[in-house]
Structure formats: C-alpha cells, structure tokens
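Visitor: Below is the structure I would like to discuss, written out as structure tokens.
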Amino acid sequence: MFAAFSKSLSATRTLQINKAVLSESLRFSLCNKDTKRDYHEVVGDVLTPSQVMGIDHLRDPRLNKGLGFTLAERQALGIHGLQPARYKSQEEQLELCKISIENYQEPLNKYLYLSELHDRNEKLFFRLLSENIEQLLPIVYTPTVGLACQRFGLIYRRPHGLFITINDKGHVYDVLRNWPEPDVHAIVVTDGERILGLGDLGACGMGIPIGKLALYTALARIKPHHCLPICLDVGTDNEALLEDPTYIGLRQKRARGAEYDEFLDEFMAAIVKRYGQDTLIQFEDFGNANAFRLLEKYRNKYCTFNDDIQGTAAVALAGLLASNRKTGKKISEQVFLFFGAGGAALGIADLCVKAMEREGISEAEARNRIWMMDIDGLVVKNRSHLLGHQTFYAKDHSPEKDFLKLVNEIRPSVLIGASATGGAFTPDILHAMASINRHPIVFALSNPTAKAECTAQQAYDHTEGRVIFCSGSPFPDVNYDGKVYHPGQGNNAYIFPGVALGVILAGIHHIIEDYFIIAAQTVADNVKEEDLAKGSLYPPLGYINECSLQIASLILKDAYKNGKATVYPEPEDKRKFLESKLYSHFYEDSLPKTWTWPESPKIKTRPLQRKTKTTVT
Ligand SMILES: NC(=O)C1=CN([C@@H]2O[C@H](COP(=O)(O)OP(=O)(O)OC[C@H]3O[C@@H](n4cnc5c(N)ncnc54)[C@H](OP(=O)(O)O)[C@@H]3O)[C@@H](O)[C@H]2O)C=CC1
Ligand SMILES: CC(=O)C(=O)O
Ligand SMILES: [Mg+2]
C-alpha cells in the first residue's frame, strides 16, 4: 500500500514538474527575443494566478494578497483555512503597514520591514511606497540605503538580484540564465566601487541596484518583473570589508585592467544574448576611472546610460533652470565652481555646456564659465593627469588648493558640491558666496546626508537666508528669520525612472544626451511658484510619478520623430499608450472572470457575509 501511495505521489510530482516545464517553455516561446517584443505577451501579463494553488499561492509575493483574498478565492485556490477568517482590503492593509513602520524607531529597521514586505506581498509594497514617497524615499533610497549597504552582510536574506563574480568569467550567460524571469527590460548594475559617497563597498553595493529598481516601479510604474538588479563582484579594495567576517562578497582585491574589461564585455554581450538588444542597462556607482570609460565604450553599442554622470546632470540642470526664475539670469550668464570633479560634477558640467549652447553662446565660451576643483586643487591645464572630460574645464592657472581664496577670485554665482566631503561648504565659503551674489546658488549634492557639503540650515544661516539651495539627500525643514523653508532634493531619482520608461517603451537602442535635456526641462517646467516660494527648485517628491510619465511621453515623441523608436506601429496618443503598459499596484481578482463554483465544492462554507464585508466565516 505504501508503495502504491508513494508511486501515486511521485506521479503527481512528475505531473507538476512537467506542468512547470511546460509553462516555462510557453513563457519562453511567448517572449522569443528574435521577434519584436510585444508588450501584451510578457510573462507577467500572461501569468494566471489561479494556476498556482495552495500555500504556494501565498508564498509567491506577486500573487499574495495577505488577508485580501475573498472566500471564493480562498476556496478555489485551496488556501481556505491557511489564513485567519478576517478579510482585509488593501487599504486596510496599508494602514497597518504605516502603523508598523511608525513603530520602528531606527531607519534601518524600517528598511528591513519594507524589504520583508517586498518579499511577502509585492503589490502592497509598491502601493505603500508609491503613495508615501515623501516619507519612504529616505528609507528605500538615500540616506538609509547607504546604511543598508554598509550592513548588507548582516541583513542579507533572500535573492533580490544576481551576483555575478569575476570567477564566473567565461560563464556569465549561464549565471544570467539562473534568473527566473525570462523577460527583463531593465537592469541596474554596479560593481560597488563608489557606493554613494561611502566608497568601495564591494558586493554590499547590491543595495543600490535594488533600491534604484524599486524606484523604477514606484516612480515610473515599470513592472517589477521587468527589472533586474545586478552586482558585479570583482573583489574589493576595502581592507575593513576584506577582514570583516560578515562580508558576503569575494574576499580578494579588485580585478582591474584587461581581466576587468573582458569581464564587463562578456557581461554586456550576455545581457543582449539573454534579454535582447534593447535591454536597458543603467550603470550605477562605479568608480570614476571606470564610469567614464565604460560609458564611452558602450553608449553607441548598447542601450545604456550612466546615472551618476547623466541622470545627475539632468537633475542639476533642472534645478538651475528653475532657479533662473528666481535670479532672472540664464544658465549662460552664471559662473560655476564645482567642488569635486568626478562623474557627477563632469556630467553636470557637460550638460550645462549643452544648455548654454542652446542659449546661444559657443562651446568654448560655455566651458570657460565652468571651474572645477578636486582633492588636488583647481583643475588646471598643466596637471599631469586629467580624468576624462576634465580637460574641457582645465584652466591656465596655478593649481590653487585654497577653496575660499578660489571662491573670492573666481566669484562664482553657482557652487556645486559633488565631492562626498561632508561640511566642505564651511560658513566662510557660504558667507563669501552671499557677499558676491544677491541669490547665491548652492547645491550640496553628495550622498548620504553626512557627506553633504553643507546642511540646508547652514546654507540659509550663513547667507542671510538668500541662498537658492538643494541637496542630494533630504534635510529637515529650515527655520530662518521666522520663516519655514522646505528645500528640494536634487537627486537623479527625478530623472532615471522617466527616462527608463520612455526608452523601454519606445524600444530605443542608444540613449542620446537630448533625452536628459528633455528630462531636465520637464522637471523644471513642473516646478510651481509655490514650490519656489518655499525654497524648493523641484516639484514635491510625490509628483515624480507624473514627471516620469511626462518625461517618457516626450522621449517617445522624440524617438518616433527621429527614427530612434523600434516598437511599431507608432502609437498615436503616446501618453495613452504608455499608461496602458504600466504596472498596477492594486490587487486584482485571483480567479478568472469566467470562474464558477464547481458543482460540489470540497469545502462547504457559508458564503461571505457581505454585511460587514470584513469577515470571512
Ligand atoms: N544628488 C545626486 O543625485 C547624486 C549625488 N552623487 C554624489 O556625489 C558624490 C560624488 O559622486 P561621483 O562624482 O560619482 O564620485 P567620483 O568619485 O567620481 O568623484 C568624486 C570627486 O570628488 C573629489 N574629492 C574627493 N575628496 C575631495 C576633497 N576633500 N576636496 C575636493 N574634492 C574632493 C574627487 O577627487 P579625486 O578624484 O582627486 O579623489 C572626485 O573628483 C557622491 O557623494 C555621490 O553620492 C552622485 C550621483 C548623483
Ligand atoms: C543618487 C546617486 O545616484 C548617488 O548618490 O550615487
Ligand atoms: Mg549613484
């Protein structure tokens, strides 16, 4: 008898496995990358919730609705009795989530709560995040994500992305195949060398691609299963991590030179082989020696951009465009001094040059208006080693290291910090800016909070409240002279979700600089007088979703006009088209519309009591 039972059990298992194999091959055939991508046929859209039965349904974060299953759903799915009797709408669940988050005092605990919710109930997580951006962005993103990366070895629980190590060289495609989603449209990749302003965090940098892609969904409603976070673990030069018993990455020094380059080349090619030519690859938090090189190497070959260089450039330009309304000056009338001359600073400088050219001055004149200093002092022509585009801004000058002296000599109207040096904008520097300008523009863009070149309060206090300010990480409201200001967040989160949405939906193969100008202008156009009045150069964070849709619509329009789009037929109404492709974070019916009760249900239960609507008996 036991033998018969075990035979029938194994037969059932085989049947299940065969079904799984069948459905997987069906998914692959629907998503064949050799054919043009059809957005009605992606795996997420054909997944039928009612095919996943029993406890597996509750364990799948994409299907789980917590106590939000109706009685009919519970019975039909075979989960009746696995949950308490109470029915809770998604709205009721959201209230509970908010109470839970408030109960945690430490930001890292809030991060962990959200991460666990993400693992448990995807729609609830994304609805919570999308509807509470102002409160939760500082948790899933800067500054708390920085802390999460620093503790990543301790808090790592479940896969949220792929770790591909330098030891996988020669087999990168095989590792990619282990990712269960067959239809990925967007990847955020880091090698962990420059995580925010925290330096080399090696494999712990994975928190950044995870956070950035959560924003793809929360801020641009890109479907989560279309997104893949990747950490390229090439080792770390962070001695403390190499000796830390909790470190989760390869315990070796960073691979560099030809070995690194071959690995990156293989990675890019493997992405295309697995997911197609138009898969968007966003580079994030690479060290500056690699960031520029790789952008130049890949930008015309793959669908790629570097967020720290290009996304940051666009958000800074948006802030500058908005500040014109306060200063009455065009960008081409400003004089810039950058503190920090790495990826972010050079990206901003390059885009500002483009914006100045559009205003009518020459490239040379525009570059002349931009000065930069880094750890070695002013970027000057006779420096022995200039990085990437630094040559464009290098001046005939002594390599002055005294920051205050430089401010007084150059007399900048705009001071931009992208140096990861907390407190570099001292009271003296800010006083000097205020004595030179009626409305000094001061951007302290470095992240996380402790790395900001000055706080918002300091910026107001030391400029007699005349500053036009933004920061990369959020600061509390500022009180100055009896008035409360709410300075905005100059963060690339305003840019990359919308750019990604437009690029993905148009099937653009190469991302041109114009898209970042479009994004900057769109964000600036959405700044209202009331935002400026309270000291913000940006729309409220809760408005990023709308900005993303506008950015994506305009990119679509541009791409079709200029022959860059590959998804045909061209949609007549771009906005309507992209809205039809967006992720919905609302619970949906778990049963097909055509579902009816079987003639003799296995479990006989009184029907749902509609009077209270919240009790399942
Ligand atoms: N707000 C936002 O949206 C964004 C903010 N950032 C933030 O900007 C910061 C820099 O990022 P990124 O440009 O990519 O990093 P990079 O490493 O490319 O550049 C850092 C720059 O700062 C310089 N620097 C370091 N220490 C000093 C110092 N004491 N005095 C003067 N210059 C110094 C470095 O000089 P050297 O090379 O000589 O060491 C380098 O030029 C980070 O904190 C990052 O989080 C980045 C992207 C987006
Ligand atoms: C915001 C961001 O991309 C950074 O600080 O690196
Ligand atoms: Mg970054």
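Cβ atoms are placed via backbone N, Cα and C, with glycine included.
Got these off TrEMBL a minute ago, pasting:
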{"type": "DOMAIN", "residues": "118-299", "note": "domain 'Malic enzyme N-terminal'"}
{"type": "ACT_SITE", "residues": "Y141", "note": "active site, proton donor"}
{"type": "BINDING", "residues": "R194, N447, N491", "note": "(S)-malate binding site"}
{"type": "ACT_SITE", "residues": "K212", "note": "active site, proton acceptor"}
{"type": "BINDING", "residues": "E284, D285, D308", "note": "divalent metal cation binding site"}
{"type": "DOMAIN", "residues": "309-560", "note": "domain 'Malic enzyme NAD-binding'"}
Visitor: Which recorded positions from the set Y141, R194, K212, D285, N447, N491 have a C-beta atom lying less than 6 Å away from ligand 3?
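Guide: What lies within reach of ligand 3, judged by Cβ under 6 Å, is D285.
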Visitor: Roughly how many Å separate the Cα of N447 ((S)-malate binding site) from that of D308 (divalent metal cation binding site), to the nearest whole number?
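Guide: D308 (divalent metal cation binding site) has its Cα 12 Å from the Cα of N447 ((S)-malate binding site).
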Visitor: Take the Cβ of the residue listed as 'active site, proton donor' and count every other Cβ within 10 Å, whichever protein chain it belongs to.
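Guide: Other Cβ atoms found within 10 Å: 29.
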Visitor: Spatial neighbours of K212 (active site, proton acceptor) among the recorded positions Y141, E284, D285, defined as Cα within 10 A: which are they?
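Guide: Near K212 (active site, proton acceptor) by Cα: Y141, E284.
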Visitor: Quick one: mean pLDDT on the domain 'Malic enzyme N-terminal' (118-299)?
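Guide: Average per-residue pLDDT within the domain 'Malic enzyme N-terminal' (118-299): 97.
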Visitor: List those of the recorded positions Y141, R194, K212 whose Cβ lies under 6 Å from any atom of ligand 2, in sequence order, or write none if there are none.
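Guide: Near ligand 2: none of them.
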Visitor: Please find, for R194, N447, N491 as listed binding (S)-malate, the greatest distance between any two Cα atoms, in Å.
Guide: 16
Visitor: R194, E284, D308, N447, N491: which of these binding-site residues put a Cβ within less than 6 Å of any ligand 1 atom?
Guide: R194, D308, N447, N491
Visitor: Around E284 (divalent metal cation binding site), which of the listed recorded positions (Y141, R194, N491) come within 10 Å, judging by Cα atoms?
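Guide: Near E284 (divalent metal cation binding site) by Cα: R194.
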Visitor: Which of these recorded positions is closest to R194 ((S)-malate binding site) if you go by CA atoms: Y141, D285, D308?
Guide: D285
Visitor: Taking DSSP three-state, what's K212 (active site, proton acceptor) in: helix, strand or coil?
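Guide: The three-state answer is helix.
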Visitor: To the nearest Å, how far is the Cα of N491 ((S)-malate binding site) from the Cα of D285 (divalent metal cation binding site)?
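Guide: Cα-Cα distance, N491 ((S)-malate binding site) to D285 (divalent metal cation binding site): 14 Å.
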Visitor: Reduced to three states, what secondary structure does DSSP give D308 (divalent metal cation binding site)?
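Guide: Once the DSSP labels are grouped into three classes, D308 (divalent metal cation binding site) ends up as helix.
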Visitor: Which residues of the same chain, at least 6 positions away in sequence, have a Cβ lying under 8 Å from the Cβ of D308 (divalent metal cation binding site)?
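Guide: Result: R194, F283, E284, D285, F286, A291, G343, A344, G347, N492.
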Visitor: Same chain, not part of E284, D285, D308: whose C-beta falls within 8 angstroms of the C-beta centre of the divalent metal cation site? Give them in sequence order.
Guide: T190, R194, I195, I208, F283, F286, A291, N306, D307, G343
Visitor: For N447 ((S)-malate binding site), list the number of other Cβ atoms lying within 10 Å of its Cβ atom.
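Guide: So the number of other Cβ atoms within 10 Å of N447 ((S)-malate binding site) is 24.
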